[in-house]
Amino acid sequence: MALVNFESVSEHVAMQHNTWMVGVGMVVVFGLLNAIGVEVFGKVEVFLTFGMWTTLTIFGLCGILLSPVTHHSGWFGAPLDVSNLSGLFGYIGMAMFMFVGCELVTPMAPEIKKAHRTIPRAMALGLLAVAGCMFLYGAAINRQVNNVVVDAANHIFLLDTPMAIPAFANRVMGHVGQYWLGVGLLLAGCATINTLMAAVPRIIYGMALDGALPRFLTWLHPRFKTPVIAIAFGVAIPCLHAWYLNGDIDHIVPLILAAVCAWGVAYLLVTLSVVILRIRRPDLPRAYRAPWFPLPQIISSVGIIIAIINIAPPGMNSRDVLIPFGIMLGLTAAYALFWTLCVQRVNPFLPLPVEEVVERAMGNYEKRNNEEMTPDVLRPLV
């Protein structure tokens, strides 16, 4: 998406059919950075996120302050047609998708001081900042870009395509704006990859510690204390997949959306587990208590389901997303059933006592960090 602002670069890379190599290179670079340690990740992430957020906010403010090209009755275009439930749910699903990712800080809780306070505050601040930025940017692009028809046969308009970005940037700041906004979007992509390269390997590492994955994934670098094997797996999976598909965007995008659906199902299962645990063990100390229980959990679960149903963008058949999504779920369920029954030899439907889970987590941590205290995130449960 960032390359659409750099016409010469985009044309050259497209002619070579190597656009996917840019993403692969970014994944490798940020994988190596995360292998060095969480401190390096944090510094890089602050720089990338601040650059991206500042760029979008400045362009949003400029687009609002400039005289508008379009003439809408409201700041965000035509009023929303609430009678069209399909379109309404599609917008809700898109809004849910825009805020997916802030929770990826949670796997790093053992490495964060006072995680039970720091993580909720950081997530709340991040969500408010992103929401404000998106409101400004959305209002600005609606004021400065005419939403002309691009593909009449498929009813696709300019704002449905990435080409609206250079049109908006050129209108606000000319050619300099195109390059600046392109860099901002590139920073956004880098921030996303950096976050995934920090969170996903630690999820793999945590699952291996719990016995849900092979034990060799728990190996830590002796100097940096990072799960380098899990990070290597996290880097290899998307890179090999991009190489296998040769960067064919028509195949990659449906698979990305299918993976988002699978990720949403994982969130549904976690939310259900938290609700059941809170009902069964109301006496259990918690690092963080969600207010107005269980209303946020119900709203978030319904929103995830709506997002999954309406995940396909304009011009894409929903079957292209839902079929790979079903295959992912089936393979994951088959692996989980095989691993728990044949390798762990436990009942997959029998819940474990919380005390046993905490004791195991503390034992694993102390075994690998002899000179360090219990992580802040576990102390309320001790």
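Every residue gets a Cβ built from N, Cα and C, even glycine.
Only residues 6 or more beyond the boundaries of the transmembrane segment (20-40), in the same chain, are considered here, and those with a CB under 8 A from a CB of the stretch are 3, 13, 108, 111, 189-190, 193-194, 197-198, 201, 221, 224-226, 228, 231-232, 234-235, 238-239, 242-243, 245-247, 252. As annotated by TrEMBL, transmembrane segment applies to 20-40 (among others).
Residues annotated as transmembrane segment in TrEMBL: 47-68 (among others). Long-range contacts of the transmembrane segment (47-68) within the same chain, counting only residues at least 6 positions beyond its ends with a Cβ under 8 Å from a Cβ of the stretch, are 129-130, 132-141, 143-144, 168-169, 171-173, 177, 180-181, 183-185, 187-188, 190-191, 194.
The transmembrane segment annotation in TrEMBL covers 88-110 (among others).
Within the chain, the transmembrane segment (122-141) has long-range Cβ neighbours (under 8 A, six or more residues past its boundaries) at 53, 56-57, 59-64, 75-76, 98-99, 102-103, 105, 159, 164, 168, 172. The transmembrane segment annotation in TrEMBL covers 122-141 (among others).
Below 8 angstroms of C-beta separation, residues 1-6, 23, 26-27, 30-31, 33-34, 38, 41, 44-45, 48-49, 51-52, 54-56, 59, 101, 104-108, 165-166, 168-169, 173, 213, 217-218, 227, 230-231, 233-235 of the same chain, each at least six residues beyond the ends of the transmembrane segment (179-205), sit close to that stretch. The transmembrane segment annotation in TrEMBL covers 179-205 (among others).
The transmembrane segment annotation in TrEMBL covers 226-245 (among others). If one looks beyond the transmembrane segment (226-245) by at least 6 residues along the same chain, the residues whose Cβ comes under 8 Å of a Cβ in the stretch are 20, 23-24, 27-28, 31, 34-38, 196-197, 200-202, 204-205, 208, 216-220, 251-252, 255.
The transmembrane segment feature in TrEMBL is assigned to 251-277 (among others).
Residues or ranges marked as transmembrane segment by TrEMBL: 298-316 (among others).
The feature transmembrane segment is assigned by TrEMBL to 322-342 (among others). Away from its own ends, the transmembrane segment (322-342) comes close to residues 212, 254-255, 257-259, 261-262, 265, 308, 311, 348 of its chain (Cβ-Cβ under 8 Å, at least six residues beyond either end).
The list of residues near the transmembrane segment (251-277) in space but at least 6 beyond its ends in sequence, with Cβ under 8 angstroms from a Cβ of it, reads 20, 97, 100, 103, 241-242, 245, 284, 293-294, 297, 300-301, 304-305, 307-308, 311-312, 316, 320-322, 324-325, 328-329, 332, 354.
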